[in-house]
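**Student:** Here you go, one structure.
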Amino acid sequence: MTSNQPTQASPPLHGRALIESPLDNKGTAFTEQERIDFGLTGLLPPHVETLQEQSQRAYEAFCMKQSEIEKHIYLRQLQDENETLFYRLMLDHIEEMMPIVYTPVVGAACEQFSHIYRRPRGIFVSYPERHLMDGVLDNLIEDVDVIVVTDGERILGLGDQGAGGMGIPIGKLALYTLCGGIHPGKTLPILLDLGTNNQERLDDPMYIGWRHERIKGKEYDEFIESFVASVKRRFPDVLLQWEDFASVDSEPILERYRDQLCTFNDDIQGTAAVTTGTILAAVAAVGGDLADQRIVMLGAGSAGFGICSQLKRTMLRQGLSEEQAQQRFYILDVDGLIHDGRSNLSAVEKSLAQSAANLTDWDCDVTGAISFADVVHNAKPTVLVGATGHAGAFPEEIIREMAQHVEQPIIFPLSNPTSRVEATPAEILEWTEGRALIATGSPFDPVEYAGKTHAIAQCNNSYVFPAMGLGIRASGATRVSDEMFAVAAIALQEKSPALEDPTASLLPALKDIRDVARHIAVAVASEAQAQGLAEKTSPEELEKRIDQTIWSPIYAPLTRSN
Ligand SMILES: NC(=O)C1=CN([C@@H]2O[C@H](COP(=O)(O)OP(=O)(O)OC[C@H]3O[C@@H](n4cnc5c(N)ncnc54)[C@H](OP(=O)(O)O)[C@@H]3O)[C@@H](O)[C@H]2O)C=CC1
Ligand SMILES: CC(=O)C(=O)O
Ligand SMILES: [Mg+2]
């Protein structure tokens, strides 16, 4: 295992090529000797600066941008010019800048991708060029540790963004480096362009993607199959993360490929781990047990089923029977409560369906669709989670009803970006007289209610996927198991400030995210070893490998090769 600290290009670049290589560029921080040795004299202003001084100037420039999207464009441009400075700046201002590079602003960046496009990053594989798939990957000379791939069909809660969905793999991989310390030169964003059904994009003369309705069915499956085959051939050890696929595709793709290569679906499994960890923290803060909770999940897609499946596995490990665990869940799709009296349930729906026999004494008509209001009125949930992508999906009267039956309701509106939140934290606190424990998908400022300040945790898979990447790459794990996500959830919960102080945020502050990621990575890597998915080492050796894998934004001295 070698150190993951910055290394110079081999053979070293020279002159303008060096300045234009974002992984090697130091800008005004090239030393006088480096300027002489590498043909940079005169290409840079004479004053030599430190990385910290550069970070201060970059922060000034960032602050001069008037709108959030301009700030996003500025940071993306900096990333494409000087990655070390970009990550130094991001780490110096993580609370302020993560929402610009990631949710919520990355949502607007995807919608406007064709208009703000500057330089290529990552690769686009389009359906008409599918026969060139192998060649596209062969053109990449770099080693790749982590790929994030999307087909752009379900971008956050914003729906089909076609090729504009590329903003998501770019943003997620920036977090792999920022939070998980994965070397930025070993990350690869990929957009699979299978067309778009977004008419606004198709009608936009600036649209950069393939102007065609989406390819689906057999042709879609064959395309994905040849993509996975190309990845396996070119990067046999890579970690492949699926991101923001429509729910009809996300689950089948995960099931088809999870035993073929080192891969996971972040919306299903990453979201499940962060939400399980945050619910465990909330339940501990109110002094209860997970096994006693009644959980209503609004939204039965990738995130909703991922979360409930993981919570159910956790309950089983805590000693509940299959049937007991299943009856803790009330999952709703657009047709109302999912119960075993409904026809055409999928395998995952059946595994989490409420028993129709339990509904016979409910105070509502249970012969047709059973509404959200009826479920909350009758089930009296202690936990309510939203993963619908629909703003306002938690109406006031339903939240007030929930708060009548439980002293401290746990309410997580998880949809992204901010514009899609099911109810804002301020609304939820108002409707629950300040009693709710809240976590959201996108960041929210603390809320004042009745003289008390409520911290709002950001329950986002960004607490988990970068740490998974770190643990997997450092241990050399060959597969990603559900148990690895289960231990990630527990490790995250262990870092909850609410364990010490029940009024504190349910999740650690972003400024501590690298430490939290390291803690989760140790747990994930140890689990991979325990399951025989990674080479067994001593705990000390494993921690050493994790520390050696973590890349930090510092400039390596450049030396001339003789
Ligand atoms: N905080 C986090 O870390 C994460 C948050 N998310 C967010 O969760 C949301 C959903 O993501 P995902 O599960 O992948 O998307 P999916 O499209 O897979 O699932 C959403 C589901 O919610 C259903 N739905 C929509 N409105 C309602 C409603 N009012 N009542 C009941 N069901 C409804 C949809 O039905 P239909 O298709 O029929 O409209 C769909 O089945 C997105 O906004 C996403 O950004 C996702 C992953 C991680
Ligand atoms: C966070 C995330 O993965 C999503 O909203 O899709
Ligand atoms: Mg996602």
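The backbone N, Cα and C atoms fix where each Cβ goes, and this holds for glycine too.
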**Student:** Of ASP221, ASP259, ASP267, which one shares the divalent metal cation site with GLU243, ASP244 in TrEMBL?
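**Tutor:** Site partner of GLU243, ASP244 for divalent metal cation, according to TrEMBL: ASP267.
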**Student:** Looking at (S)-malate binding as recorded in TrEMBL, which candidate out of ASN82, ASN344, ASN358, ASN460 goes with ARG154, ASN416?
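**Tutor:** Given ARG154, ASN416 bind (S)-malate in TrEMBL, the matching entry from ASN82, ASN344, ASN358, ASN460 is ASN460.
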**Student:** Please work out the mean pLDDT for the residues of the domain 'Malic enzyme NAD-binding' (268-529).
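**Tutor:** Averaging the confidence scores along the domain 'Malic enzyme NAD-binding' (268-529) gives 97.
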**Student:** Setting GLU243, ASP244, ASP267 aside, what same-chain residues sit with their Cβ within 8 Å of the center of the Cβ atoms that define the divalent metal cation site, listed in sequence order?
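**Tutor:** Residues close to the divalent metal cation site, other than GLU243, ASP244, ASP267: THR150, ARG154, ILE168, TRP242, PHE245, SER250, ASN265, ASP266, SER302.
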**Student:** Sequence gap of 6 or more, Cβ distance under 8 Å: name the residues on the same chain that satisfy this around ARG154 ((S)-malate binding site), in order along the sequence.
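**Tutor:** In sequence order, the residues whose Cβ lies under 8 Å from that of ARG154 ((S)-malate binding site) (at least 6 apart) are ASP160, ASP244, PHE245, ALA246, SER247, ASP267, GLY301, SER302, GLY389.
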**Student:** Measuring Cα to Cα, how many angstrom lie between ASN416 ((S)-malate binding site) and GLU243 (divalent metal cation binding site)?
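**Tutor:** Just about 14 Å between their Cα atoms.
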**Student:** Cβ under 6 Å from ligand 3: which of the recorded positions TYR102, ARG154, ASN416, ASN460 qualify?
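**Tutor:** Once distances to ligand 3 are taken from each Cβ, none falls under 6 Å.
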**Student:** Take the C-alpha atoms of GLU243 (divalent metal cation binding site) and TYR102 (active site, proton donor) and report the distance between them in angstrom, rounded.
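**Tutor:** Their Cα atoms are separated by 14 Å.
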